[in-house]
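One structure is given below, encoded as structure tokens.
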Amino acid sequence: MEFVTETLGKRIHDPYVEETRCLMIPGPIIVGSGPSGLATAACLKSRDIPSLILERSTCIASLWQHKTYDRLRLHLPKDFCELPLMPFPSSYPTYPTKQQFVQYLESYAEHFDLKPVFNQTVEEAKFDRRCGLWRVRTTGGKKDETMEYVSRWLVVATGENAEEVMPEIDGIPDFGGPILHTSSYKSGEIFSEKKILVVGCGNSGMEVCLDLCNFNALPSLVVRDSVHVLPQEMLGISTFGISTSLLKWFPVHVVDRFLLRMSRLVLGDTDRLGLVRPKLGPLERKIKCGKTPVLDVGTLAKIRSGHIKVYPELKRVMHYSAEFVDGRVDNFDAIILATGYKSNVPMWLKGVNMFSEKDGFPHKPFPNGWKGESGLYAVGFTKLGLLGAAIDAKKIAEDIEVQRHFLPLARPQHC
């Protein structure tokens, strides 16, 4: 490490470094303190490997704490959502609430003594081939200062949901009512007796419509593409659990056939409700296209009863109305965009080919997308939710432990 220290020391005369505080980190740098980042740090900690977690927000799991609606629960049973090395409390229900999940994450961080550095926005991260180290430049802190953190390893844990997707819709600037993304939606209370257009029919869009109904609003759902809707449970067992068990014994297309037949028995023909099923089965579509099936928590019953209207693709928006591709026009008081999130990795990770510039996901799909070159790792990009993040977090910690036997960890130092 003497060569590394010497190389870094020479950079003190560079104009860029003169304005930047620089700190050498002995263990990995983890960008993001959501469940993926916390899981990776905990797995490293269990192997006596320190890490530094950088977080742009003011708290852990900021998406869960600040950008989710009040009625949210985990859509999968808690057994499939726990992070490594620490189960959920036995007192928690099968499907924990948002508040319970946040409390679990806070307890997890406390248990493993994980202390992220908050208010640190990563502006750029790149590999310095001269010294074989990662340089991560951030801005933030109390004085909004620029910092550079240096390490042999970089773990990208910003995940699939770093930035809101804001669709381009003709006429949106002309709409007279409020327009908000689901990241700003908390409950339907303020929309009581109002006609609301919800754009997007994923799990969030479907559940927001249900929440609006519960507050006596009048929601309409825009369904642009085909979608698989499955019951949350079949025969008293979670649909996800059944799928996982069956996949151990049967190929995907056989399990898909079973899921579709059971869904028709439980939910009926969703095509008649305007929710046309894709040609690919739900699991095959998830694997090939990354499209997650919707787990129904009561929305279909509201659609059948007429409390939720279903419209096809949105053509354009006018002052207080919207026109759809089938020619229908209806009036609305507000628009809620349930259009999801996207990765922001290409915005700040430079000079690597591990991630796609198009969607910000690793080029290699699960289970091979967790490891790149030169000490670069990714966690939380499996499209398998918390379960996938836990799997990759364990692999990353194991891999770094092997490497540290060949080159001991450095001591923290200014560079």
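Using N, Cα and C of the backbone, Cβ positions are placed for all residues, glycine too.
Pulled from Swiss-Prot, these are the features on record:
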- G32, S33, G34, P35, S36, G37: FAD binding site (BINDING)
- G200, C201, G202, N203, S204, G205: NADP(+) binding site (BINDING)
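Within 8 Å of the Cβ centroid of the NADP(+) site, not counting the listed residues G200, C201, G202, N203, S204, G205, the chain contributes T182, V198, M206, E207, V208, V294, A338, G340.
The DSSP secondary structure for S33 (FAD binding site) is coil. Separating the Cα atoms of N203 (NADP(+) binding site) and S36 (FAD binding site) is a whole-number distance of 21 Å. Residue density at S36 (FAD binding site): 30 other Cβ atoms are found within 10 A of its Cβ, drawing on all protein chains shown. When secondary structure is read from DSSP and collapsed to three states, C201 (NADP(+) binding site) falls in the coil class.
The record gives G32, S33, G34, P35, S36, G37 for FAD. Within 8 Å of the mean position of their Cβ atoms, the other Cβ atoms in that chain belong to I30, L38, A39, T40, I53, I60, A61, A157, T158, G159, V379, G380, A389. Taking each Cβ in turn and tallying the other Cβ atoms within 10 Å, the top scorer among the binding-site residues P35, G200, G202 is P35. Note on proximity: of the binding-site residues G200, C201, S204, G205, the one nearest S36 (FAD binding site) is S204, by Cα distance.
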